[in-house]
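Asks: This structure is in structure tokens; I'll ask about it shortly.
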Amino acid sequence: FWMEDLCSVSGLDPLWDWNLTWYTSQPDLTQCFQHTVLVWSPCVYLWICSPFYLLYLWLRPDRGVLLQEPTNQMGLPMYSETETFSPHPPLLHQVLAVIILHVERMKGCRSSFLLFQFWILLVLLKQQIKSPEIKFVTSQNTPTSSLIPGGVVFCPPHSLVVRGYRHPLQAADLWPLEEPDNVELTQNWTQSTTSSGSLSRAWDFDAVTEKTQLLKKKKKGQKGQKGRGYGIFLLHTVACSFGPYFLCGTLWLLLHEVFMFAVPQVLSLLLAFISDEDAAMWKGFLFCSLLFLLSCLQSLLHHQYMFHCFSVGMRLKTALIGLVYRKCLLLSSAARRRGDVGEIINLVSADTQKLMDFVVYFNSLWVTPIEITLCFYFLWQLLGPSALAGIVPVVLIVPLNGLIAKMRSKLQVREMKFTDGRLKLMNEILSGVKILKFYAWEDAFLRRIGVLRDGELETLKMSQVLHSVSLASFNSSSFLIALSVFAVYVTIDDRNLLDAQKIFVSVALINILKTPLSQLPFAMSATMQAVVSLRRLGNFLSQDELKGDSVERLPRSSGTSPHAVRIEDGWFSWTCDGPPCLQGISVKVKPGSLVAVVGHVGSGKSSLLSAMLGEMERRSGSISIKTRVLVTHGLSFLSKTDLILVMLEGHISEMGSYKDLMDRKGNFAKFIHAFNGKRRRGSSASRGSSASRDKSKTCVGSRKSLTVCVLLMLSEADKAHTGRVKLQMYREYFRTVGPTIIAAIVFLCAFQQAASLAYSYWLSLWADEPALNATRSHQLRLGVFAALGLTQGAAMFGTTLAIALGGIVASRHLHADLLLSVLRSPVSFFEATPSGNLLNRFSKEVDAIDCMIPDGLKMMLGYLFKLLEVCVVLLLATPLTGLVLLPLACIYIFIQSFYVASSCQLRRLEAVSRSPVYSHLNETVQGAAVVRAFGEQGRFVLEADRRVDRNQEAYFPRFVATRWLAVNLEFLGNLLVLAAAVLSVRGRDHLSPGIVGLAVTHSLQVTGILSWIVRSWTDVENNIVSVERVKEYDSTDKEVCWNKLPADWPATGNLQFEGYGLRYRKDLDWALNNICVNIQDREKVGIVGRTGAGKSSLALGIFRILEAAKGRIFIDGINIAEIGLHDLRSRITIIPQDPVLFSGSLRMNLDPFDVCSDEDLWKALELAHLSSFVSALPQKLNHQCCEGGENLSLGQRQLLCLARALLRKTRILVLDEATAAVDLKTDQLIQSTIRTQFDDCTVLTIAHRLNTIMDYNRVIVMDRGYIAEIDSPSELIRLQGFFYQMCAEAGLV
């Protein structure tokens, strides 16, 4: 009333006059209202919102300082002297606006939603506004941080989309990112985990990298809290790091909900206007304008919220990848054995993505119950207590889907185990592909991958069936609610009649629930997957770490200790609870000493070195270091060392200088005399090779440097295609789905939408039925309505299930084709392709084909057919809508095509930039010990962060551009709403309320439909890029046919070279040239030469790892170029220089095809001198080898390779420096076994120790790719040529 008094005192009319404003054909506002409420509203809005906005700015991290033009244009309203407003608003709001502008400038905020709305309100009040001209200091190409006003409809996304339409986007076109969030996340993770005592050491790497100093050391004696999973710690960490920014996005969601529920109220007024023939026409146009305005505000607020969600999700993913990477550098030996590279790659590719997806759906979990409550409140206002009947379907559906979510959670855990195993095995295949080629084991590993893939897809199929049930139930929920409410309403009282207003306002309210209820399955699925991923990430991040106090590392210049290495009574093991591998180690080494560690295979040499590096668990004692340590089998070095440690069964049996140990005449002296005679006769060929390398430094050294340069150039980075995705990729995908499933999908989609259209039209007929027949029976109408709705639900289930099953069929074929294509590639392909490129396709791209493409197709087809239904309804109700629909459709297609070109290219750039992340992670995990040994953790962490940032630089503009597209397209949809409403108002004389309600309610769905069409269409288009990348290797060079030869070849083992030449690449020199030699069956031939002479190239040529550039090789008179590769490689055997084992049992590593009996396996192990070792293992032949065989010593792995050769027992055996990594005793055992077991075979030995081939029939001396000499050893020594010189240098003559 005080406003009334104020108006009367000022001599103005009353504050409000209904006759002037509403009950008139020419509405207006009173002067008092205009001069008070309208003038003060912007000020009140600014003062109410400013505290919250300033709090947001205070929590926001600094992002640079904005420069403002030095003028008096402060963005404040300027009042003209002739202005007639009275009273003027106070100047305090101008001061507040200045304060907000200053804070924004200092915090680097590039746009202000609060002040933007304030200026808009003032503009509407006819105030003169001048906005400040602001520019950002650091970059003119940086996107705005807020989508309203500048991020959606103004320059940054628009300019990027235009640039992408004109030419394919490149990495240089992308926006730079802001400061990464991994530092903040790791600090919060520190606080969560150290408070529970779950970590063992600090995550500090190097003083150079302050950004990567992560975790503080926990308090000693602090124990972890029981009952709390590590996933809870990670969730708490994430909430602390990103919660405030996410809550700001939630504010936009709440405002969106307010406007969303205002739409049905305006629709009710519009339908009442249609029914009232006496209502003024301007009211109808007012309601149409309100519908349009509310729809536009919904779109803006929704996409502002989505921008916040995707921003938080991207930052979360970046930070989690940083955490995982840093953890990889700290994992203890036991933790590394429990995990593997495949699991870590899966964490980075799949689990972080699932947490990112969860951010988008999180609010649906608590907003949906609020929406349900509000919906039923308004339904109560409309239909009374009958509205409560709609709760019954909700109460039944939600628990059902809760049970489904729980079942799917268990299935996902099982699926992730299969995926981890598949990626782990795939990584091992890529690492040991040359061994697979040598042994022709591709088929065996194809079957192993196939078993894991079948288990993965079978689990996915079960999960998708449950997901289809969930989708069908939720999508049918709106129909079930309407059926329940309407049935109860017309049944409880015959006087209850359903008119157009009640039916279609109720339908509009229930349709509001359609989106949250239809998205609730995805939200529950995302939540379920996020919980599993959160638990997996938490468990990984809480794995045991290397203890920082295991080794005391002294600075080189400290001078505090007289010993460079000091170990006192050290007991070390690989695990905390495992038996000690080293016992009672006590060593003191003076600074500057050269120390050698010698011993038999498995004696503990490598373990001692690992203990010095801090890679083992120190059970007792102490250790401090600085110095050089040499672990060697070459006895020629021993006399040059200052100290020799002799290892025996995990302890030091002898220690001293070479002379002292020889004088003691103990085990070491016996060891030397037994195998070397007069010391020089036991000298290995490595000494000769070393000396010869010095003498031929010019010729050999230059070749080596050339080779390195060429290899660096041949290691190709992942490349991105340009332009739209080719139609061929869609055809390829749908071809693998199959025409039967495609036809079923199309039929079910059309049938489902026809049923939806039928029951919607049935409602309009029901609404237009005359009210005079009050006693009519409702059984028929309810029965038809129920039948049509249930039919639609059944069709929905069939559609989603068919798409899911079709996606699984396509994924199975595409993965199988990719795997076969990769394994059929030659070794040169793997040398030129980084492993990260391949792992990227087998992990992220396959995951996209498994899940994201089918999910996108489900949504896209569903909403496309729904849009078709809306268009049909609008054209039937108001045919003139076609005049608006056609140009809007043209604009829609134009904007969509404008955008897709940029979106696809951004998706490619993101996929290409992801490969270096996987490559770097894979290399770091495998070489973590080396990185730690050199103290380079900080540099590697910075490199990892840089690669992740490059990947996110491609992802960020993609989702910003998606929001830009959605806002623009939804604006077109809102125009369609306006057109339908206006045409309905103009045609109210001949349109029934039922038809108008049907048309307007359907048009109101257009905005949401277009939004989801954009999202799903974009997802499908972008993820089809995964098919493109998976099929990319189909066009690369492949090996020839694997099988086409009789089983009894070769019978003798005769080997003949005729003018044979070999090149590693076309642009390189000859690795072998004009090789002509005939090797008879059962002949033993040694192959020697300097480094780079071509020794190993001969082996690569025999196995056709590299194809001949000229000439031929014959085995038993058959040209091997005409033989299937598997036939060739399975009939000859190699014992390679690098012993490679795969994760799995010893049995699998010996016999992957499972064709040998246990008796054969044990006999081979006995001949390989491993039977006692394997017998002592608890699981014996089923003993599980770690990835790469890390739980076996190098010598034991080499003996297993010998056992493989014994099992194959082919007519030709090639030894490629097979004893280079074993001690002399083991070397003697191997040579003895070869002489006895392969006496009837042709043996080619690439010699490491020349004394092992002195009794061979012939020796081939290689030099620069040519055969320099060939004859018996005695004859070559007599000739005093190359071979004589090498023997002299090795002390053999």
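For all residues, glycine too, the Cβ spot is worked out from N, Cα and C.
Curation does not apply to TrEMBL; its annotations are automatic.
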Asks: Examine the ranges 471-492, 955-976 and name the one recorded by TrEMBL as transmembrane segment.
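Replies: It is 471-492 that TrEMBL annotates as transmembrane segment.
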Asks: Same chain only, please: residues at least 6 beyond the ends of the transmembrane segment (736-762) with a C-beta under 8 Å from a C-beta of the stretch. Say none if there are none.
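Replies: For the transmembrane segment (736-762), the nonlocal Cβ contacts are 479, 781, 784-785, 788-789, 791-792, 795-796, 798-799, 802-803, 805-807, 809-810, 813-814, 861-862, 865-866, 868-869, 872-873, 998, 1002.
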Asks: Below 8 angstroms Cβ to Cβ, which residues of this chain, lying six or more residues outside the transmembrane segment (471-492), approach it?
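Replies: Residues 379, 383-384, 386-387, 389-390, 392-394, 397, 400-401, 498, 503, 506-507, 510-511, 513-514, 517-518, 520-521, 759, 778, 782, 785-786, 789-790, 792-794, 796-797, 800, 858 contact the transmembrane segment (471-492) from elsewhere in the chain.
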Asks: Three or more CB pairs closer than 8 Å, sequence separation of 6 or more: does that hold for the transmembrane segment (386-404) against the transmembrane segment (782-810)?
Replies: no
Asks: Mind looking up the mean pLDDT for the domain 'ABC transporter' (1055-1289) in the predicted model?
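Replies: A mean pLDDT of 84 is what the model gives the domain 'ABC transporter' (1055-1289).
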Asks: Any residues 6+ beyond the ends of the transmembrane segment (867-895) with a Cβ under 8 Å from its own?
Replies: 753, 756-757, 760-761, 965, 968-969, 972, 975-976, 979-980, 983-984, 987, 991, 995-996, 998-999, 1002-1003, 1005-1006, 1009-1010, 1013
Asks: Near the transmembrane segment (782-810), which same-chain residues lie under 8 Å Cβ to Cβ, leaving out any that are not at least 6 residues past its ends?
Replies: 457, 460-461, 464-465, 467-469, 471-473, 475-476, 479-480, 482-483, 486-487, 490, 733-734, 736-738, 741-742, 744-745, 748-749, 751-752, 755-756, 758-759, 762-763, 766, 849-851, 853-854, 857-858, 861-862
